[in-house]
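Here's the structure we're looking at; comments come further down.
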Amino acid sequence: MRKEPLLQKVKIQEDIESDKGFLASDGDGDGPVTLLLLFTTFTALCGTFSYGTAAGFTSPAQSGIMEGLNLSLAEFSFFGSVLTIGGLVGAAMSGRLADVFGQRGALWVSNSFCMAGWLMIAFSQVAWSLDIGRLFLGVAAGLSCYVIPVYIVEIAPKQVRGAFSAVNALVMCSSVSITFIVGSVMSWQKLALISTVPCVLEFFGLFFIPESPRWLCRNGQVKESEVALQRLRGNNTDISKEAAEINKYMENLQKEFKEDVFFELFKPRYWRVISVGIGLLVLQQLGGLSGYTFYMSSIFHKSGFPNNIGVTVAGVVQSVSSVIGLIIVDKFGRRSLLTLATVMMCLGSLITGLSFLFQSYALLNNYTPISTLIGVLVFFISITIGIGGIPWVLVSEMTPINVKGSAGTLCNLTSWSCNWFVAYTFNFLFQWSSSGVFFIYSIISAVGILFVMKMVPETRGRSLEEIQADITR
């Protein structure tokens, strides 16, 4: 029997209210932290640890490699910088690779490049094999920078999503510090071999962890998506509400949008997603992150502070502040922490710049080393509590899955391009003016404060589907 018009209107209204209910529901808010969820996150974070060891490898290995293989400073500098070239390659591949093969599949590719890279470096007898190994590490890093944050965001319950994502920054900082300390007591070949341990752990872990339920659902594997979600939440957890929310959201996307194409990103509905994502990553890099990280020893040497002590103290402070960030990210929210972190980033560069300015005029010379250390530490605290990890968390949370691959590739390429630019220009700017370079970083950070306060949404305590539906309206 044909429905009456009034009944049709009622049915349509019920569907609308139902859709609103799905997006406003707790969804994934009550999911427990299971052993499999912890193991899956640990496996993914092995990739982050590998990236950190690659970033920290050149500092303790420089003298040993240059002497052992008779490399010139120019040859070693190329070896160090080729990581960024590989990162750009990995970044260009990351979004599409994750779209086609899933986050777990992309982690397999990243792990393969990482393992091959470390083995080539460990057994290198000539410069070209060192460079190829470093290039492979860069490709792995470029992939993992995008894939790992997205994977963690998509598998974690929303009440701990921020904390789980913050662990990524903690692992990154800790791995750099550990690499520097371990590398100071052993040869570069042994350090490269030991650096394969996270790759081996990740390799075996990948056999047992599930694919992202959201990726499975998007690709029409609804049953497999529910199985993966049930495994992550535990057999005794009712996943019906969360699974229905994910499925409903994917159905709406498929009805409304075409397949992910790059130019889809430039539609007005995605402008805020892209502008916030790219803006935060540009702020992160042009605020001086690569300059501080790659040339920390040069900064301490110029100020008169002992290099080894300075780098070690910075590593310890980074690790401690990362733990603090991990604890407070889901209590105070992304936007609040980003605002605080950007203020601290601005202040850290300002203190460092003033230290070198006073030094250039022979003022307060006795205080230059300690004030420089304070400036560097304030900067790194800002990175670990917010600006280092939260931008990628927000990109992962805000971007709808139908454009996540293209958006991730664009954001990742932007990040690595700015990374290269800052790393390449730092020495020139530092020679031009040891204080001026940090004043530039401070000004960029000051602009970033206004950007965060004006543009960045708060996503704490909301489901991914609710966030994405709201920000693309």
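Note: Cβ is positioned from N, Cα and C throughout, glycine not excepted.
The feature domain 'Major facilitator superfamily (MFS) profile' is assigned by TrEMBL to 40-460.
Residues or ranges marked as transmembrane segment in TrEMBL: 33-51 (among others). Panel annotation: around the transmembrane segment (33-51), residues 107, 110-111, 114, 118, 137, 140-141, 144-145, 147-148, 151-152, 155-157, 160, 164, 167-168, 171-172, 174-175, 195, 198-199, 201-202, 205-206, 208-210, 231-234 of the same chain, lying at least six beyond its termini, place a Cβ under 8 Å from a Cβ of the stretch.
For the transmembrane segment (71-93), same-chain residues at least 6 beyond its ends with a Cβ under 8 Å from one of its own Cβ atoms are 54-55, 58, 62, 65, 110, 113, 127, 130-131, 134-146, 294, 409, 412-413, 415-417, 419-420, 423-424. Sequence annotations record features per position, and here TrEMBL assigns transmembrane segment to 71-93 (among others).
According to TrEMBL, the feature transmembrane segment maps to 105-128 (among others). With a cut-off of 8 Å between Cβ atoms, the residues of this chain six or more beyond the transmembrane segment (105-128) that come close are 43-44, 47, 50, 54, 69, 71, 75, 79, 90, 94, 97-98, 134-137, 139-140, 143-144, 147-148, 151, 189, 192-193, 195-196, 199-200, 202-203, 206, 211.
Beyond its flanks by at least six residues, the transmembrane segment (134-153) meets 41, 44-45, 47-48, 50-51, 54-55, 79-80, 82-95, 97-98, 103-104, 106-107, 109-111, 113-114, 116-118, 120-121, 161, 164-165, 167-168, 212, 389, 392-393, 395-397, 404, 408-409, 411-412, 415-416, 464 of its own chain at Cβ-Cβ distances under 8 Å. Look at TrEMBL and you will find 134-153 (among others) tagged as transmembrane segment.
The feature transmembrane segment is assigned by TrEMBL to 165-185 (among others). Beyond its flanks by at least six residues, the transmembrane segment (165-185) meets 41, 45, 48-53, 55-57, 59-61, 148-149, 152-153, 156, 191, 194-195, 293, 308, 311-312, 314-316, 318-319, 322-323, 325-326, 329, 380, 383-384, 388-390, 392-393, 396 of its own chain at Cβ-Cβ distances under 8 Å.
If you look up TrEMBL, you'll see 191-209 (among others) marked as transmembrane segment. Only residues 6 or more beyond the boundaries of the transmembrane segment (191-209), in the same chain, are considered here, and those with a CB under 8 A from a CB of the stretch are 36, 39-40, 42-44, 46-47, 49-50, 53-54, 57, 60-61, 104, 107-108, 111, 114-115, 118-119, 121-122, 179, 182-183.
Annotation comment: TrEMBL describes 270-289 (among others) as transmembrane segment.
The transmembrane segment feature in TrEMBL is assigned to 309-329 (among others).
Annotation source TrEMBL lists transmembrane segment at 336-358 (among others).
Annotation comment: TrEMBL describes 370-395 (among others) as transmembrane segment.
As annotated by TrEMBL, transmembrane segment applies to 407-426 (among others). Counting residues 6+ beyond its ends, the transmembrane segment (407-426) has Cβ neighbours under 8 Å at 81, 84-85, 87-88, 90-96, 98, 142, 145-146, 150, 262, 265, 270, 273-274, 277-278, 281-282, 284-286, 288-291, 294-295, 395, 399, 437 in the same chain.
Summarising the annotation, TrEMBL assigns transmembrane segment to 432-453 (among others).
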State the mean pLDDT for the domain 'Major facilitator superfamily (MFS) profile' (40-460). 86
Can you say which of 336-358, 370-395, 432-453 has the most Cβ pairs under 8 Å with the transmembrane segment (309-329)? 370-395
